[in-house]
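A short worksheet on the structure shown next.
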């Protein structure tokens, strides 16, 4: 075990004194028969800017450390061999290159000020996909010259975290520099897993930057939130996305040279318009578009069709978005379970916001099912809450459960039609909205109001047999008006009518 004056060598795992650690490491570097694997960057100096995947334990958790910047003589060769996705290559290298989130990283941004004052402590970054959470965390590490470790809650165990904590404490002891741990999808950790960060954060031994797309109030421990201020990253504007895409085109032009196709402004405008502020999705769509254009000229319509067919893009703000949710709603209304599941899957697998679908199902429960099955509204409301608490991808079955129940439920639009009749009546009869309320059903909280006749003559229904009384509730000016279950002529579907005729 390594004590206060001892540390474990990251190469051979041998425990040596702090005074002997550097000579001990030098012996490994000079030994030509040493390990063939790269030495951990644990003890290296402040010359790291990019990220290298490595393992921190035998569990092989996906952890990223900062790696050395290549020398100028090798830079050109590295660029040609760079096979990272465009979304990764286009990440900004400094806060000045960062696009969007002016309130956080602009000239007077709160996070920029904290960095400049060297007071950047643990925090939670909350924002939708593609708003720049990971990029911001990496820039904080580079700007503060901190050791940076990137992990994901989907693939990291508690044992991995404990190993990282141990290494971080040793690193702090040796260098005096803290480690920034970027925990992506922090909401995927359960509350017990989140608790292991509390002592490390509280003592300031590590800086935790957690990223989440879910509401921290529902998904994170209150103890963790109290120690990590929450910063909200707003959805990128269309102009923000255009700026990012234009910069990416320049990078691709430098990389591809003469083989870089011409990307028309209309393509940039289209991608930035339909990706709904998701920079990662926009860059992926741009990369795919460039790949298609390199094979030959294509029109904007061809690009649109290929992107949608490939599921690289789901139009969350345009026609596809509204057409799909409309088809889903109508399939539920028509009690077609298969179509309901199809359109639900099409939306979720293409990146639709699950809460948007859940909200629509709450509406369906009242609009299309209503009093035919009053249990559907509580079910839909519970589904919305469950999706908030669980998040994707686990929430997919929860949404499917509710969707199938709604499709199979009996249908009634009596409430929907009745309230529409009220709205139409008030719109066409402006005076009806100011009609005098009958005195006997008015509120009479004071003696003066009672003396004026408020509440006088009111018959309290529970005091009467079966609650039946002769009593008027509507204002005199609209007495006798009917809204509920107005007579309506129901049509018979011609195809069903013909089918009945054919079977006779």
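Placed from the backbone N, Cα and C atoms, the Cβ positions cover glycine too.
Note that the structure is a prediction, hence the values are computed from the model and not measured.
The stretch that Swiss-Prot tags with zinc finger, taken from the ranges 6-33, 34-61, is 6-33. Of the chain residues outside the ATP site list 129, 130, 131, 132, 133, 134, 135, 127, 136, 211, 233, 279, 280 have their Cβ within 8 Å of the site's Cβ mean position. Applying an 8 A CB threshold to same-chain residues 6+ apart, the list for residue 130 (ATP binding site) reads 236, 275, 277, 278, 279, 280, 281, 282. Remark: residue 135 (ATP binding site) has 91, 92, 98 as non-local neighbours, by Cβ distance under 8 Å and separation of at least 6 in sequence. Its Cβ placed at the centre, residue 134 (ATP binding site) has 19 other Cβ atoms within 10 Å.
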